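Q: Annotation comment: TrEMBL describes 71-94 as region 'Disordered'. Taken from TrEMBL, the feature domain 'BZIP' applies to 90-132. For 111-138, 252-279, the entry in TrEMBL reads coiled coil. What TrEMBL lists as domain 'DOG1' is 153-372.
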Amino acid sequence: MGIYGRQQRHLVATGVWGDTFRPDADADAVPLPLPLATVAAAVDVVVEPAEAKLGHHRLMAHQRRHDVPVPAAKEEAPPSSDSFGHDDARPRDKRRLAQNREAARKSRLRKKAYIQNLETSRLKLAQLEQELTMARRQHVTAGGVPPPVDPRVAAFELEHARWVEEQARQARELRAALQSGAPDPRLSALAGAALAHYEALFDARARAARADAFLVLSGAWRTPAERLFLWIGGFRPSEMLKVLAPQLDPLAEQQAASVRALRNTARQLEDALAQGMDKLQQTLVDALMTVDWPGDDGGVAWCAGYAAQQMAGAVGKLDDLVGFVVQADHLRLETLQNMHKILTPRQAARGLLALADYCQRLRALSSLWAARPREPA
């Protein structure tokens, strides 16, 4: 009986797994039931949508009845930027577009400023070439040969041209800072840089005066309109204060009193320097008039030598011109520095900007005068 049972179980297994795929398999063999997953899958396919929905509702009611937590419905994810909607309104995309627009705007502004600087430099170069040509023509001697130029004087002319360009750049910075409402520390730094720039000009002019005081006093490197207002190689400090005064309003009562006192002091020192220059000129006139110049008859060699010594003494007195140039520039610098101490940072920035604009307008006036239409000779 045990053997029969084991054989029977073997036959059942063979019929199920081995003989099922044989052509002569027993048709009466009963297959084992399919797995639950297979049946469920088949049922899911056959069930109509209405029945599936009804079963879902019954399942939900059963879960609520037995306090079974119902899973929350999944929210649909917003379509990505790669979908057909192309949702560019997301914050990240908006921020990226804004950054791109800002970068493009800054690039256009830089390009515009670069082109303006090139045009300004071209005009300044043409103006400098014209001024140098006019200066050379004025210094040509009667024989048609220009006098020798001291290298220090030539270096000063180039340095002054660069100084003018730097002054224009500083004026643009001051104007931009004032228009944008920059804080006082920023304005104070810009005003200090402008004062240091003027001090550098005065130092360079002192070196040039030691090489050729007549050149500095004549202002040959300047435009004709600038030479019209020239005073001992530069501007009068009192006139400079007069130019700045309208740009500094409103002034406090103490500030106005300090500015008036500074102007009076500048005028007194200007008068003292002017008297010194007059005295020097009179000394030179006296020295030249007392020279014993040999006559047409040939004279005596001793007389000619004595006259040469007297002329050398007169030339030696011209060395005092260097001192006058240095003192005049020192007065200009002291006036600017004292004015800076009286004013607030914003007022000082406005004053220095007004002074730079005044100098640029004088140079522009000279350019217009040189380019005016002339009547035919």
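Even glycines carry a Cβ here, placed using N, Cα and C.
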Q: On the 0 to 100 pLDDT scale, where does the coiled coil (111-138) sit on average?
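A: It averages 70.
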Q: What is the number of residues in the domain 'BZIP' (90-132) that are helix, strand and coil, as DSSP sees it?
A: 42 helix, 0 strand, 1 coil
